[in-house]
Amino acid sequence: MRLFVLLAYIIPFILCQLTPVLVASHKLVRGLKEEINPSNTLPHNVTSVTNMLKKLITECSSDAYLLINQPGLTYADLTTEKKDNWPFLRNYLYMSSTIVGLPRVENPIDLDFLEQYIISNCDAETINVWHDSEDEVVDYYDIRKRVIRIDLSPLSISNHDDRVKEIFEHDQLIRKILRKLPSAHYTIILTSLEPGIIHPVPRFLMEETPASFEIFDDIINDPFHNREIEKNDRFHKVEPNWNPIRDSNDRYYRNKKKDEIHLFDYELWEKNEKLITTIFVMVLSLFMMKIISFFNYLKQKIIQKKQQKSKRGIIADDKKLD
């Protein structure tokens, strides 16, 4: 009986499932690390990590958000030792203004919640990738933000060579998908809803050899690469050059509104100053002619009445004489 009790306490420390979370954004979002524990030696609380991601999303600084679920992924697949398996992802980390790597999170991140949070806060729509194919992301040219949900196939557990090959292929798939996007402003959130099994490691060992237990320690924990500076805005702020909306109801109503003529529009009056002046003079002339004509009419009526009165007076005098 004591043996079973002992095993019940020991087994959770022998094998455990902790989710890695890697965040990279083209644009700078300040203060993300204030939401989480600064040390990665202990597992992070999923609530604090979710709050950090909400802070990242709330600014809506990206035009596309890639929510990537890699079943079977562990932090061991993302260490500096495995950098050759992720050539594109690492290259993107070098270019990103915001990078956060959390090797161990207590529970999986709720990607469905994040998807809905992006949709409601950034007026986005979702594109799903379920079959490891970039063709599932159709070309688009409008300015609406996108949530790209990528559910990758599980990584091999038994065969190390197959696992390495699968990771490399998935890295290339991410590259191909990003190349299809019309904007370079995007955010990657890589995690696992079904993480692989890892062995617990003593805290002192993590502190002594962080490169073996951190996500790409040579980039993320390098002060030169992970400073809170905008790497992609060194010269001046330039908004992405979006293609115009094609065959869109929004565009129709916007153009219709532009075509509306408002009487009290200052620009309209300024643009048509000569025409308006001419019309005003013509209307004023017609008005003056009408007034003059009216006064002439009144004058004639008055003269006629006076003549009629004078005639009546003459007739009355003649009758008296008779």
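Cβ atoms are placed via backbone N, Cα and C, with glycine included.
Taken from Swiss-Prot, the feature N-linked glycosylation site applies to Asn45. Residues or ranges marked as signal peptide by Swiss-Prot on the basis of sequence analysis: 1-16. Look at Swiss-Prot and you will find 17-274 tagged as topological domain 'Lumenal'. Per Swiss-Prot, the feature topological domain 'Cytoplasmic' maps to 296-322. Per Swiss-Prot, transmembrane segment is recorded for 275-295.
Within its own chain, the transmembrane segment (275-295) is flanked in space by residues 269, which lie at least six positions past its ends and keep a Cβ under 8 Å from the stretch. The Cβ of the residue listed as 'N-linked glycosylation site' lies under 8 Å from the Cβ of Ile36, Asn37, Val105, Glu106, each of these being in the same chain and 6 or more residues away along the sequence.
The DSSP secondary structure for Asn45 (N-linked glycosylation site) is coil.
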